[in-house]
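Notes follow once the structure below has been shown.
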Amino acid sequence: MKTKFIFVTGGVVSSIGKGLAAASLGALLEARGLRVTHQKLDPYINVDPGTMSPFQHGEVFVTDDGAETDLDLGHYERYTSARLSKKSNFTTGQVYFSVIEKERRGDYLGGTVQVIPHITDEIKSKILDNAKGSDIAIIEIGGTVGDIESLPFLEAIRQFKADRGAGNVLYLHVTLVPFIKTADELKTKPTQHSVKELREIGIQPDILLCRCEQDLPREMKAKIALFCNVEEKAVITSMDAEHIYAVPLALHKEGLDEQVVEKLNIWAKAPDLTPWQQVVDKLMHPGHGKVRIAIVGKYVNLTESYKSLAEALTHGGIANDCRVHLSYLDSEKIEQEGIDGLLDGVDGILVPGGFGERGTEGKIKAIEYARTRKIPFFGICLGMQMAVVEYARNVCHLDDAFSSEFKQDCANPIIHLMEEQKGVSRKGGTMRLGAYPCTLAKGSFAQKAYGTLDISERHRHRYEFNNDYRDLLVSNGLILSGIYKEGDLVEIVEIPDHPWFVGCQFHPEFKSKPLNPHPLFRAFIAAALHNIKA
C-alpha cells in the first residue's frame with residue numbers, strides 16, 4: 001500500500017491537545033490493522049530540546065537510538081506499538097543546519113538558498129524519509145496556526161498534496177470551541193478564524209477536531225461545516241475525557257477513524273478496541289483500591305517535566321488493578337522544613353532523574369526515610385545515584401560521600417563522571433543516550449520483575465556509579481543487580497532486606513505503555529499495594 005499522510009495542525013490556543021489527538025488516531029488506525037508511524041515537527045530553532053529547561057519545555061523523551069525529543073513522542077509510543085527514532089522529531093534548527101551544510105558543500109551549485117524551495121524541500125525530504133515502510137504517517141506540526149515560526153512547515157505540507165496526490169494526503173485541524181459562561185453558549189468564531197488563517201496559507205482542512213467542554217449540537221456542527229468548508233460528518237467533537245486513555249474510544253465513537261479511512265480511500269477492518277476498553281475499565285473501576293506514591297523532585301511545579309514517569313506509574317496501577325494517586329513533593333521543601341510530616345501516609349516513594357545540585361540533600365533525606373521505614377522505593381537516574389550516596393553516608397559511614405557532579409573535590413565521589421565524558425565540553429547531544437543492554441542478577445528484585453536475565457533500557461546521563469567503591473558497598477549489603485558488561489557499569493542497585501528498594505541508572509518510564517506496563521513499575525506498585533495490606 002502506498003503511504004498515506006495525515007498532517008495535524010492546531011489553532012486558537014497552544015496546548016490544545018494535538019499530540020494526544022495524533023496519538024489516539026494512531027491507536028485507532030493501528031487497531032484497524034494498519035502500520036502507523038508518527039512524527040513531530042517543532043518550529044523552534046534549538047537543534048533539539050536536550051538542553052532546554054524542563055520549566056520551559058517539559059520532559060525530554062529519549063528514543064532507542066539516542067534522540068532527545070519532544071514529549072509528544074512519548075504519547076505516540078504509549079498509544080501505539082511504534083518504536084520511534086531520531087527521524088521522528090525534527091526542528092527548525094535541524095532543518096536550517098542541514099541546508100546550510102549542503103550549501104557549504106556546494107550541493108546547490110551556487111544557487112541562492114531560499115525558504116522556498118530549499119527549506120521546504122528539506123522539510124518534505126525528512127517527512128518522506130521517516131514514513132518509509134508505513135501505511136500511515138501521522139505528522140504533527142508544533143505551535144499554532146498564525147505563528148511566524150510555523151510558516152515554512154505549513155508551506156511544506158501544503159505542497160505535499162500536489163506532490164503526493166489528493167487521495168494520499170489529509171489535513172486534520174485541532175481547534176477550540178470555547179464555552180462562554182456569561183452567555184451560556186458555545187462560540188464557533190475562534191474556529192472560523194483559525195480555519196480562515198489556515199486557508200489563507202493554502203491548506204483546506206479535511207477534518208476539524210473541535211475541543212470543547214460540552215457536546216457539539218448538530219446545528220453547531222452544521223454551522224462550523226458551512227463556514228469552514230468541510231463536511232458536517234467531518235466536524236468531530238473532542239470533549240475533555242475522564243482519562244487520557246479514554247480519548248481513543250471517544251474519538252472512535254465520534255467517527256474520526258471512519259472519516260480518515262474514507263477520505264484516504266483505505267480498505268481496513270473494523271478496529272478491535274477491547275484492550276483499550278479494558279484499560280479504561282481498570283482506571284475507572286479498580287478492584288484493589290488506591291496506592292499513594294510520592295514523587296520527590298525539583299521540577300514539581302511543572303508536572304509535564306515528569307510526564308512519562310506519571311504515565312508509567314498509572315500503567316503500574318493498571319497492571320495491579322488499582323488506582324495510583326500521585327503527590328509531588330519539592331525536595332527543596334524537605335531541606336527547608338525537614339521531612340517530618342511531609343511523607344506521612346505514602347505507600348511508595350519515587351525519586352526521579354534531574355540535573356544540578358539544587359534539592360539533592362532533600363532527595364537524600366527522602367531516600368533515607370524510605371530505607372529506614374521500609375517503604376517501597378524506586379530511584380531513577382539521579383534518584384539511583386542519590387540512593388547510593390545515602391547508603392554510603394548512612395550505612396557505610398562515609399559522611400562526605402557525594403557526586404562529583406555537585407562537588408568536584410569531594411573526598412569520596414561515590415558517583416563520578418564517566419570516562420568517555422571527560423574532556424567533553426559541548427552540552428547538546430553528548431550524554432550517554434539511548435538503549436544499552438544490561439545483565440541482571442538472578443533472584444534480584446529486578447530479575448523477578450523482568451522475568452529474564454538480559455534487558456535493554458534507555459539512558460540519559462553523564463555520571464555513573466564509581467567502581468572504586470563497589471567492594472565497600474557490597475560488603476555492607478548493597479546488591480549491584482544490573483550490569484552493563486561491555487563497560488562494566490552498574491545500572492541497578494538494590495537493598496535485599498527491604499520490601500522493595502530499587503535504583504536504576506536508566507529511564508524505564510520511556511518504554512512503558514498502558515497496554516504493556518513496564519515490569520519495574522508493575523513491581524513497584526505491587527510492592528506499594530502489598531505495603532498497604534501489610
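Using N, Cα and C of the backbone, Cβ positions are placed for all residues, glycine too.
In Swiss-Prot this protein carries:
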- Cys381: active site, nucleophile (ACT_SITE)
- His507: active site (ACT_SITE)
- Glu509: active site (ACT_SITE)
- Ser14, Asp147, Ile148, Glu149, Lys187, Thr188, Lys189, Pro190, Thr191, Gln192, Lys223: CTP binding site (BINDING)
- Ser14, Lys187, Thr188, Lys189, Pro190, Thr191, Gln192, Lys223: UTP binding site (BINDING)
- Ser15, Ile16, Gly17, Lys18, Gly19, Leu20, Asp72: ATP binding site (BINDING)
- Asp72, Glu140: Mg(2+) binding site (BINDING)
- Gly354, Leu382, Gly383, Met384, Gln385, Glu405, Arg462: L-glutamine binding site (BINDING)
- 292-534: domain 'Glutamine amidotransferase type-1' (DOMAIN)
- 1-266: region 'Amidoligase domain' (REGION)
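DSSP assigns Glu140 (Mg(2+) binding site) to a strand segment in the three-state reduction. Calculated from their C-alpha atoms, the gap between Lys189 (CTP binding site) and Gly354 (L-glutamine binding site) amounts to 43 Å.
Annotation for the binding-site residues Leu20, Met384: lowest Cβ count within 10 Å of the residue's own Cβ, Leu20. Spacing of Gly19 (ATP binding site) relative to Met384 (L-glutamine binding site) is 31 Å (Cα to Cα, whole number). In sequence order, Thr188 are the recorded positions from Lys18, Thr188, Glu405, His507, Glu509 with a C-alpha within 10 Å of the C-alpha of Lys223 (CTP binding site). Nearest to Glu405 (L-glutamine binding site) in space, judged by Cα atoms and limited to the binding-site residues Leu20, Ile148, Pro190, Gln192, is Leu20. Within 10 Å of the Cα of His507 (active site), not one of the binding-site residues from the list Ser14, Ile16, Leu20, Asp72, Gln192 places its own Cα. Neighbour counts were taken at the CB atom with a 10 A radius for the binding-site residues Gly17, Gly354, Gly383; the maximum falls on Gly383.
Close to Gly354 (L-glutamine binding site), meaning Cα to Cα within 10 A, are the following recorded positions out of Ile16, Lys18, Cys381: Cys381. The L-glutamine site is set by Gly354, Leu382, Gly383, Met384, Gln385, Glu405, Arg462; from the centre of their CB atoms, other residues of the chain with a CB within 8 Å are Gly353, Phe355, Cys381, Met386, Ser403, Ile415, His461, Tyr463.
Taking Ile148, Thr191, Gln192, Glu509 as the recorded positions under consideration, the smallest Cα distance to Asp72 (ATP binding site) is found for Glu509. Put plainly, the binding-site residues Lys18, Lys189, Lys223 were compared by Cβ crowding within 10 Å, and the winner is Lys18. Remark: Thr188 (UTP binding site) has Val177, Met220, Lys223, Ile224, Phe227 as non-local neighbours, by Cβ distance under 8 Å and separation of at least 6 in sequence. The average pLDDT for the domain 'Glutamine amidotransferase type-1' (292-534) in the predicted structure is 93. For the ATP site, the Cβ centre of Ser15, Ile16, Gly17, Lys18, Gly19, Leu20, Asp72 serves as reference, and the other residues of the chain with Cβ at most 8 Å from it are Gly10, Ala21, Ala22, His75, Glu140, Val174.
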